[in-house]
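As structure tokens, the structure follows; a few thoughts come after it.
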Amino acid sequence: MDGEPHDVPISSREHAQSLDAQDPLSHLKEQFLIPSKGQLKAESLQAASRDSASADGHDSENSIYLVYLCGNSLGPQPKLVATRLQQHLNTWSSQGVFGHFKALNQSPLPTWLDADAKASESIAPIVGAHPDEVAVMQTLTANLHFLMSAFYKPDITKRHKIILETKAFPSDHFVVETQIRHHNLNPETSMITISPPTPETPLTTDHIISILDANANDTALLLLPGIQFYTGQFLNIPLITAHARSLGIFTLWDLAHAVGNVPLQLHDWDVDAAVWCTYKYLNSGPGTIGGLFAFKNHLFKILTPSDPEQRGAQLSLQLVPGLLHVVMRELVLRSVVVDERQPDVVRVAPAPLFNSFEDCWVFVDAFAQAIEIAVKAKENGDDGKKQGIEGGELEMTS
Ligand SMILES: Cc1ncc(COP(=O)(O)O)c(C=O)c1O
């Protein structure tokens, strides 16, 4: 290939320089504020400020920039941050409350009303998700609590254990212990930790799977890191998630060290849920906002077109697999009759000749309760099939 150095050893500095010369990303370095050696030595904010330090004229160390290899801890500051923050402040000071919805010409900023949606659109390709599967919000730890509040519903007689690594990040450990205690359970009996065969060896997928298999009957949730913070090991996210799901275990991934570091395809990998922070490889600044992912199939899907011109009275609702039988049973128990199309679809048809608006309200209310009960039953390994027609199933032929 042209420009390829043929005569320099691969371990030489020249070889590294020639790779830099060909690197299509090398210009991006210019977009970051990398601290200088002089700045790092500074004892005051004034001395640390780039402008005042270089104004001294005699501090040659200010021109020596650090080889900053700590993106795994705190990414350096992008130059654009100060510009964008100032633009936000200008919008606030000049527009007041109108900043919520007035789009200014030549502004790169979304209106505040659209900021959430814009943030989801921006993060979605980075984690390989659909924008409606992600939220940019809170901190990693708070998001872990949110997701566990939604998906960890332990039953001491059935599934109640959480599995995590022995060397999990300390705050992840605290979250798990807090959640277990919140449900009046004891971490000594409801928390399982996975240790590598020796402290120095990485975890193997086989070892993780063997722990899952050994605890398959009473484990509700698995919490693992995408990339282990201590060893840097990248775990096999799709394979482990799929195995855990086959055992009825919900998997949550801590992607603090994976987001912006390795390619992620959370949707295509069928990941249940994940959380991350943005101050490491995404360079958002200390303590800034985190993110979360919940797989679309854990949300409720409407097959019927949303445009009223493209539908009649019928709504076809596709459920998460394994909920249909319990949902049908619970609807009949609440005196609501709809029909089903196996394996996962409920059809609801409020006909104008004999249904009222109140009937629709009753359905929505009953459906919400039925779904909640069905999700809980599924977590406990009950898909409602045993109850059959007596439980309320109506398999129509049309
Ligand atoms: C692997 C891992 N998990 C969790 C956290 C905690 O994140 P936060 O304090 O932003 O909630 C960190 C922070 O560095 C981390 O590295």
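Placement of Cβ uses the backbone N, Cα and C atoms for every residue, glycine included.
Marked as compositional bias 'Basic and acidic residues' by TrEMBL: 1-17.
Positions annotated as region 'Disordered' by TrEMBL: 1-22.
The annotation pyridoxal 5'-phosphate binding site is assigned in TrEMBL to Leu140, Thr141, Phe169, Pro170, Ser171, Asp172, Asp254, His257, Tyr279. Note: Asp254 (pyridoxal 5'-phosphate binding site) has non-local neighbours Leu140, Leu144, Ala168, Phe169, Asp172, Leu223, Leu224, Pro225, Gly226, Ala274, Val275, Trp276, i.e. same-chain residues 6+ apart with C-beta under 8 A of its own C-beta.
Within 10 Å of the C-beta of Lys280 (N6-(pyridoxal phosphate)lysine) there are 21 other C-beta atoms, taking all protein chains into account. Classification of Lys280 (N6-(pyridoxal phosphate)lysine) by DSSP places it in coil, neither helical nor stranded. Taken from TrEMBL, the feature N6-(pyridoxal phosphate)lysine applies to Lys280.
Counted within 10 Å of its Cβ, the other Cβ atoms near Phe169 (pyridoxal 5'-phosphate binding site) come to 19, all protein chains included. Its own atom aside, the Cβ of Tyr279 (pyridoxal 5'-phosphate binding site) has 19 Cβ atoms within 10 angstroms in the protein chains shown.
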